[in-house]
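TrEMBL annotations:
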DOMAIN    10-100  domain 'Acyl-CoA dehydrogenase/oxidase N-terminal'
DOMAIN    104-197  domain 'Acyl-CoA oxidase/dehydrogenase middle'
DOMAIN    286-389  domain 'Acyl-CoA dehydrogenase/oxidase C-terminal'
Amino acid sequence: MSDIATRVNTWIDENWDMSMTLREWWSRLATAGYSQPTWPAALGGCDASGATARIISETLGTRGVIAAPTGMGPHMAAPMIMKHGTDAQKAELIKIATGEQHWCQLFSEPEAGSDLASVRCKAVRDGEEYIINGQKVWNSGADAADRGLLLARTDFEAQKHAGVSFILIDMLQPGVEVRPLVTMNGSAHFCEVFLTDARARANELMGTEGGGWAVATTVLGLERKMAASGSARGALTVNGGPKGGNLDRTVGELFEIAKEKAKEKPQAMISSSRVLIKHAQKAGVNTDPVLRDDLVKYYIRSEVYRLTNLRARHTGGSGPEASIAKIALSGMARHSRDLGMSILGAGGMLVGNDSASGGALQYAALSTGGVSIGGGTDEIQKNVIGERALGLPKEPS
Ligand SMILES: Cc1cc2nc3c(=O)[nH]c(=O)nc-3n(C[C@H](O)[C@H](O)[C@H](O)COP(=O)(O)OP(=O)(O)OC[C@H]3O[C@@H](n4cnc5c(N)ncnc54)[C@H](O)[C@@H]3O)c2cc1C
């Protein structure tokens, strides 16, 4: 075991206690520098390299503790603020490391998805504030968020990329209405958000007015990287922020809640080879040579994805490496869907507890589309690879 893993293990022995609140656990993690290890010490990190950070997060994962705050706050908002923010904005990042804030991304609109620079949501400067009107859609976790990364148009005359501004917005205000959207897998993973005379402080503008596209490009790269890398390490990941309602629960209580939730509904959007093999054994089809061959191919594919993703993370990459990993993940999701349905046969048409798999393989099958669309579709990832890695001509805008 490496020195750092030994140190983290000893620290967990001394600090993990099922009766403490989540707020206390995350505060201890941040004080120790293990919340977001690559960040500076004052902000909940310990200036660790990527390799050391991975050892820290893997050690936390294997010890069965609640993961450090994860999601759009640590992986998108914070690195973007480190790059584009003012010193005052950077000083606030400790709230992300301690899970006091929970962020969402307000980019997509009904008429602006892949072609994001077409956003029509309008922000008008009014003294020390912006007044914002418009509609956003497909916003993951917006119903649990207290802070939003908003892309809005401040100039309707300028060429489309030049009229866009990037603003940080408080979600918990009367002008922001969030409506969860239920998708075909039965989850309300994302929301539509209506902004009606919503307000944002002018000092929460990122970069310059009309200069938001450069900031958005940073966030899109970070999003690709996050979407490609799958879930965080830890026995359990939990939403922070005031709206999540978890900060003052004990960590023991949170494990109980998660256990009950898992009984209600499957959670995995992609089935691992271990899960698929278990279901093949249960269905008595694990001796079928064609299925066995496909399961081995899937195992190899999962390993290739894991290594591709490690490469993307190693390069710190939010560019073409992350796009390659994201495409590899979409391919895995489709393969897992097809294998799951082959294993279940006609039983694949049943969902929930009526099904032999408890609905897990069906849930993953119905989630496949979301994996390849969220974080930028496969076609958009291919455009990124073509333009940025292969030097092919840019698409006309
Ligand atoms: C699970 C999930 C989570 C999401 N979370 C968020 C979120 O938190 N915040 C947020 O703002 N949005 C979010 N989205 C929205 C997501 O970013 C958009 O759905 C995505 O960018 C595609 O946009 P669209 O749906 O408008 O499809 P369109 O852009 O209309 O695309 C339709 C089809 O055309 C193809 N296409 C479009 N343009 C090109 C091109 N130039 N070249 C080749 N093919 C092209 C696409 O690949 C796709 O197949 C999420 C989506 C999903 C599925």
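In case you wondered, yes, glycine gets a Cβ from its N, Cα and C as well.
Please treat TrEMBL annotations as automatic predictions, because they have not gone through curation.
The residues of the domain 'Acyl-CoA oxidase/dehydrogenase middle' (104-197), classed with DSSP into helix (H, G, I), strand (E, B) and coil, number 10 helix, 50 strand, 34 coil. Looking only at the domain 'Acyl-CoA dehydrogenase/oxidase C-terminal' (286-389), the predicted model's pLDDT averages out at 91. Across the domain 'Acyl-CoA dehydrogenase/oxidase C-terminal' (286-389), DSSP helix (H, G, I), strand (E, B) and coil residues number 85 helix, 0 strand, 19 coil. Applying DSSP to the domain 'Acyl-CoA dehydrogenase/oxidase N-terminal' (10-100) sorts its residues as follows: 55 helix, 2 strand, 34 coil.
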